[in-house]
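*Asks:* What follows is a structure written as structure tokens; I'll ask about it next.
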Amino acid sequence: ILNGWFGLITGDSSSDADVSSVMGFSGFGKKARTFDLEAMFEQTRRTAIERSQRVLGHYSIIAPLVSCQSVSLKNSVDFEFSCHRGNPVKKIPDTHEITLQHGSKSVSALALDPSGARLVTGGYDYDVKFWDFAGMDAALHAFRSLQPCECHQIRSLQYSVTGDVILVVAGNSQAKVLDRDGFQVLECIKGDQYIVDMANTKGHTAMLNDGCWHPKIKEEFLTCSNDGTVRTWDLNSEKKHKSVFKPRSQQGKRVIPTCCTYSRDGKLIAAGCQDGTIQIWDRNLSVHTKFHCRQAHAAGSDTTCLTFSYDGVTLASRGGDDTLKTWDIRNFRKPLAAVTGLSSFFPMTDCCFSPDDKLLLTGTSVKKDEGNGKLLFFERESLQKVYEIEVADASVVRCLWHPKLNQIMVGTGNGQAKVYYDPVKSQRGAMLCVVKSKRKEKHAETLTQDYIITPHALPMFREARQRSTRKQLEKDRLDPVRSHKPEPPVSGPGRGGRVAAHGGTLSSFIVKNIALDKTDDSNPREAILRHAKEAAENPYWVAPAYKQTQPEPLFAEEEEEEVDEDQPEWKKRKI
């Protein structure tokens, strides 16, 4: 026994049988399974190498057919030939599209949250609509619609950098911040319009033109207005703006900023003004401009959009003079390139860069029944047109290329928001809702008859509980008596044995009676005596009843009254 215990302690398996035989049981059970990790890793590595060789061997056979030598693995599922890398046009997702019907008026604002799950559209019809790609089906209906600024047109919408709040800029002087469900979080204060120096008032005093969020600080946003100021705001302080920037003309006069934006790093603030200038300030220095271009666009035309490239070096401007220009902020005197002839009828026609920073896209405007609005793609360096998409028979107002979804959103002048995507190059977004079938309309199920719940009634008096109203409705539909449709009121002449009913109002009843009454009751005495002769000759109603008992009438004879001449005048009877 001692030898057995010693073997058990020391791990000697030869003594296990002796101990078990002495203690009266067959054994200690199965031994623990051991693993050779090095062998498992080696086997896995060999399997991966064999599979990679088979895949590369398959694509080496078909590679000469497409004149391409190398193959790149994309998202571990889709393979894309490396010959497409050099051509940015191949990355444009335009093979498929869906149309979201916002309304009947122009879509003047578009916004996608950073994750690409929700789209927000705003228009000239004052409505802001929320679209959830994951919650929509093929019917493509918005899950919420509201008018945050009442009767003011929506001019700009943008999600914050975290995607939890939305900045709403409308035609009034007070910007609003909504949460993801459309409930108000903040409303900017309105300034005092009787103060001359706009830096001394707490908020805007005229219509807003544009607004955007800070790309790094989630509580800060920017607005510009017709009062000639660009103001920054803090989400936690609604009583006053954070700082004020005042654009000035060459003569030092006030000019109106029509668009504004932050640089990608948030250190610069740029504004396009009505006099054709583009003015850029350091965010922390609001007095003097850091960069200034006097003749960026034609004077008197509204610069509709400013946007920075993803590398933060190039600035693109869309002018009201039908031009698109790119600028290097390190050499801000003259544009890098320019394109003319791009018609723009809206004060918020915008432009944006592609996610790879190689393309620049913008939309064109058209008059009614004079062609189709187009989405144009330009090469960033030379602004040479490389591609175009005919969107609709209306103007293209807004465009947005989301970097995560790789999908393009377009707002048009006929109330539509279109989403362009490619099932291979894009992900999520519109592809989540197009695969879902339309939901069947749910009809409200109502009780076919009143059901009185009496839990303490005797079983003989207790009514059977209705388990399903749908089955009862189907039975009632088969019953010709219960499903009989009431006859509508007869209009016009009567038909089918039914008399046509005249109007149910009091006025129609009076008019009907007046039209049917032909008698003349202007003299009631003549109307009664008209029947006197007939009543005397043929007494039927009154006279026969009293013929035997009716006494003969005796009337007093008229006597002439004696007139006393001696009595005073006031006692005499006046005739």
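Each residue's number is its place along the chain shown, starting with 1.
Cβ coordinates come from backbone N, Cα and C, glycine included.
Annotations in TrEMBL come from automatic prediction, not curation.
Annotation source TrEMBL lists compositional bias 'Basic and acidic residues' at 464-487. For 555-567, the entry in TrEMBL reads compositional bias 'Acidic residues'. The region 'Disordered' annotation in TrEMBL covers 464-502, 552-575. For 100-132, 201-243, 262-282, 296-331, the entry in TrEMBL reads repeat 'WD'.
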*Asks:* Hey, which bits of the same chain come close to the repeat 'WD' (296-331), Cβ under 8 Å, at least six residues off its ends?
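*Replies:* Here the qualifying positions are 258-265, 268, 270-278, 280, 337-344, 346-353, 355, 357, 360, 362, 378, 380, 383.
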*Asks:* Mean pLDDT, the repeat 'WD' (296-331)?
*Replies:* 91
*Asks:* Taking DSSP states H, G and I as helix and E and B as strand, how many residues of the repeat 'WD' (262-282) are helix, strand and coil?
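*Replies:* Taking each residue of the repeat 'WD' (262-282) in turn, the totals are 0 helix, 12 strand, 9 coil.
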*Asks:* Give the residue counts of the repeat 'WD' (100-132) per reduced DSSP state, in the order helix, strand, coil.
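*Replies:* In the repeat 'WD' (100-132), the DSSP-based counts are 0 helix, 19 strand, 14 coil.
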